[in-house]
Ligand code: ADE
């Protein structure tokens with residue numbers, strides 16, 4: 001998979017890709033992530049990427065030209081499955097979307113800033129708009145990092161133990177069950193006995209029940225779907 005991220009703040013985006021699972025995924029060649037500074041596609045001396053709104057109103061709007069130049073340059077090199085715009089009014093990111101996107105070959109992610117981008121960018125270049133939740137961030141960069149993390153860990157081969165993504169919360173519209181490790185007892189706090197029984201079917205059943213109960217208590221909306 002190749003991900004091209006268009007941003008005015010590449011430095012804000014780099015560190016999540018320089019540690020742990022994302023770093024390993026990149027080093028092992030399972031994913032390529034490229035950052036494009038939108039200012040490199042401007043033509044004026046100030047390298048401006050935004051302007052005032054037509055019709056009046058507070059806040060600056062990202063202009064179409066540098067975005068068009070950047071996206072066109074990328075599209076001239078290869079085909080893209082999706083051109084995603086990070087915005088609070090996009091569809092809310094869920095595990096199912098991360099699953100879908102993790103199977104794509106080439107994706108562009110455009111990070112919004114200020115009031116957002118000129119609507120013509122959204123109408124003519126963008127194929128998908130994604131929000132990471134019902135709150136407004138200062139820009140799309142942190143959202144893009146969240147989206148990339150959620151997608152990249154699902155690419156086959158990225159997680160050492162292939163089954164571990166399958167038992168994540170949300171994977172079957174269920175939250176994950178409780179998990180325990182050593183020591184068996186800590187300051188009087190015990191691990192459920194069943195987990196030492198060696199009875200794998202019973203343990204699996206217990207985990208399923210616990211996942212269901214936790215989901216019913218915390219996220220009943222997931223069970224309704
Ligand atoms: N940009 C600003 N807020 C955002 C959000 N909630 N999700 C994605 N991109 C954003």
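Every residue gets a Cβ built from N, Cα and C, even glycine.
Automatic, uncurated: that is what TrEMBL annotation is.
Under the heading S-adenosyl-L-methionine binding site, TrEMBL lists 112, 132, 133, 134, 135, 136, 137. Long-range Cβ contacts of residue 133 (S-adenosyl-L-methionine binding site) within its own chain (separation 6+, distance under 8 Å): 92, 93.
Positions annotated as domain 'tRNA methyltransferase TRMD/TRM10-type' by TrEMBL: 1-224.
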Starting from the Cβ centroid of 112, 132, 133, 134, 135, 136, 137, which together make up the recorded S-adenosyl-L-methionine site, report each further residue of the same chain whose Cβ lies within 8 Å of that point, ordered by sequence.
88, 131, 143
Restricting to the chain of residue 132 (S-adenosyl-L-methionine binding site) and a gap of 6 or more, list residues whose Cβ falls under 8 Å of its Cβ, or answer none.
86, 92, 93, 142, 143, 146, 147
Mapped onto three states, the DSSP assignment of residue 137 (S-adenosyl-L-methionine binding site) reads coil
Cβ atoms within 10 Å, counted per site: which of 112, 134, 135, 136, 137 has the most, among these binding-site residues?
112
